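Everything below concerns the one structure shown next.
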Amino acid sequence: MSSGELLSIEPQELKFPFELKKQISCSLQLSNKTDNYVAFKVKTTNPKKYCVRPNTGIVLPRSTCDVIVTMQAQREAPPDMQCKDKFLLQSVFASPGATVKDINPETFNKESGNHIEECKLRVVYVSPPQPPSPVPEGSEEGSSPRASISDNGNLNVSEFTSVSRAYSEPQEKSSEAKAIISKLTEEKSFAIQQSNKLRQELELLRREANKSHGGVSFLFIVIVGLLGILLGYLLKRT
């Protein structure tokens, strides 16, 4: 905290969690330490890069005022994440009951004999907070899922629910696969039974043909061909 005669400023540095192509804001809190009205004005070395709201204002006696500093989206990161931009906050006593409309260029003119208090603030880029890892640290393959426990010993219900869902989906898919395999096994068994039955009938026809004609008739050849086609169709389905 910077503590001057008129205003206390917190924080002393403008810290921005830097991210490319993203507009980022941080805030300053100005506290009036006096029993008088205090006018303030915020300046920067790079006005096109930042937006300050409000950039001028009045802080009432023993009161506070928040100033929001917004950095426009940046396309490139500075070397080594070092920023040379600086801000200057000027403060001066104002007339009792003064408003923002009473602030003019002469208010912060030192040549007019006004006692101007100045505070320089520098800009610091910090790494943005990283999202939590979806896999808990120390977990191993094949280990059973465990519900996370918060610092006060209470069970984190939301995380436990998500883990339960993640493990229930493979079980449902496994049940469907088992049902399909069981159905295919039954169809294959039926096809084998039909194949054995056709072989027995074929053997019987051969014997009857040998007894009646002493050889294979044309009708027997046709029947054998039809049986072979039927057998191939049934085996192909499995």
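Quick reminder: no glycine exception, Cβ is built from N, Cα and C everywhere.
In TrEMBL this protein carries:
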COILED    181-212  coiled coil
COMPBIAS  146-155  compositional bias 'Polar residues'
DOMAIN    6-126  domain 'MSP'
REGION    127-155  region 'Disordered'
TRANSMEM  215-235  transmembrane segment
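Outside the transmembrane segment (215-235), and at least 6 residues removed from its termini, the chain residues within Cβ reach (under 8 Å) are 191, 194-195, 198, 201-202, 205-206, 209.
Confidence for the coiled coil (181-212), expressed as mean pLDDT, is 78. For the domain 'MSP' (6-126), the DSSP counts in helix, strand and coil order read 13 helix, 61 strand, 47 coil.
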